[in-house]
Amino acid sequence: MVAVKIDGKAFAETVRGDLAKHVEQLQREHGITPGLAVILVGEDPASEVYVRNKGKQTRECGMASFEHKLEATSSEAELLDLIGSLNADPAVHGILVQLPLPAHIDSDKILNAIDPAKDVDGFHVSNVGLLGTGQKAMVPCTPLGCLMLLRHHHGKLDGLNAVVIGRSNIVGKPMAQLLLRDNCTVTIAHSRSRDLQNIVRSADIVIAAVGRPEIVTGAWIKAGATVIDVGINRVERDGRKKLVGDVNFESAAEVASAITPVPGGVGPMTIACLLANTLTACCRARGLPEPLGLTA
Ligand SMILES: NC(=O)C1=CN([C@@H]2O[C@H](COP(=O)(O)OP(=O)(O)OC[C@H]3O[C@@H](n4cnc5c(N)ncnc54)[C@H](OP(=O)(O)O)[C@@H]3O)[C@@H](O)[C@H]2O)C=CC1
Ligand SMILES: Nc1nc(=O)c2c([nH]1)NC[C@@H]1CN(c3ccc(C(=O)N[C@@H](CCC(=O)O)C(=O)O)cc3)C=[N+]21
Ligand SMILES: [Mg+2]
């Protein structure tokens, strides 16, 4: 292996440590506790693990965590009611609705019902529009976490070729916006892209957000590239359940100059950025200065 392993877990711990200090100061000087509400609809076991981890880390940072679990059969109207009450609750500064939602619920309608000022996922159309036009927005957590890792390990990204594989609203598209804002030349690839391998081979920065276990191998990577693996795929290897990314770590690490592992890469940064966005939302709501350097 020639590549440096980018330790997202350690970096996320540092970010959460900084957050905890700001939260403590907010409490001490203003008597304010930032609050994050998470809504989970249905019983998806993987989602429950995220919700539990998020709740634990939220409390460890000194913030308040409100968890709402709804039956999978809950109606859109019930969910809209809950969002309405959280929008009106001054103790709640951030609202996250865990995705995907059950098929009978219109996700866009739900996401757009969240007060944009409390939309810590950055999925509301207003925040998407603000980000796309270069205005102050809530920035989606996973792309923001990737950007923080890239800036930290690579420095300035000006003029670099970045290839984002995946065009979802939650990862691929906002990731491309952030890289463009940092002056990369951005290509977005997807399932209809022709000659994906050669597109990826042109990249100084590769962001894999595909949801296909280890689809990207070392043979696709330009020597010296930086590889950010967003994928979280549960697979069975040698009779054991295991978590792998969208990148084959072993082979990619032979050619890349730096690469994130799965687990321990982007995932922990996503949660750290969610908490950072909650603190930012809280400061904006109370007209207080935003702690610098935590969000983009
Ligand atoms: N670490 C973290 O914090 C997070 C991790 N994830 C993980 O990241 C991955 C992506 O998530 P998400 O964006 O929500 O996934 P989606 O399924 O919404 O999007 C996947 C994207 O990959 C594209 N794609 C699928 N197959 C191929 C292929 N063979 N070649 C090229 N492109 C392909 C799709 O193309 P098309 O649009 O044409 O269908 C689509 O744009 C998943 O593994 C998910 O679990 C997600 C969120 C947070
Ligand atoms: N509204 C909404 N916002 C999201 O941001 C969102 C979502 N819905 N739905 C699901 C995806 C997925 N996601 C992850 C977050 C953290 C880890 C994470 O912490 N991973 C750790 C541990 C993984 C483990 O061991 O289980 C790691 O990669 O090291 C993973 C995945 C956020 N998502
Ligand atoms: Mg999706």
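Just so it is clear, glycine is given a Cβ too, placed from its N, Cα and C backbone atoms.
Features as listed in TrEMBL:
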BINDING   G166, R167, S168, I232  NADP(+) binding site
DOMAIN    6-121  domain 'Tetrahydrofolate dehydrogenase/cyclohydrolase catalytic'
DOMAIN    140-284  domain 'Tetrahydrofolate dehydrogenase/cyclohydrolase NAD(P)-binding'
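Positions of the features from TrEMBL, shown on the structure.
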| residue | record | Cβ contacts under 8 Å, 6 or more apart |
| --- | --- | --- |
| G166 | NADP(+) binding site | G172, I188, A189, H190, I207, A208, A209, V210, G211, V230 |
| R167 | NADP(+) binding site | K173, I188, H190 |
| S168 | NADP(+) binding site | A209 |
| I232 | NADP(+) binding site | L243, G245, V262, P263, G267 |
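Proximity to ligand 2 (Cβ under 6 Å from any of its atoms) holds for none of the binding-site residues G166, R167, S168. Only S168 of the binding-site residues listed as G166, R167, S168, I232 bring a Cβ under 6 Å of any atom of ligand 3; the order follows the sequence. Look at I232 (NADP(+) binding site): DSSP puts it in coil.
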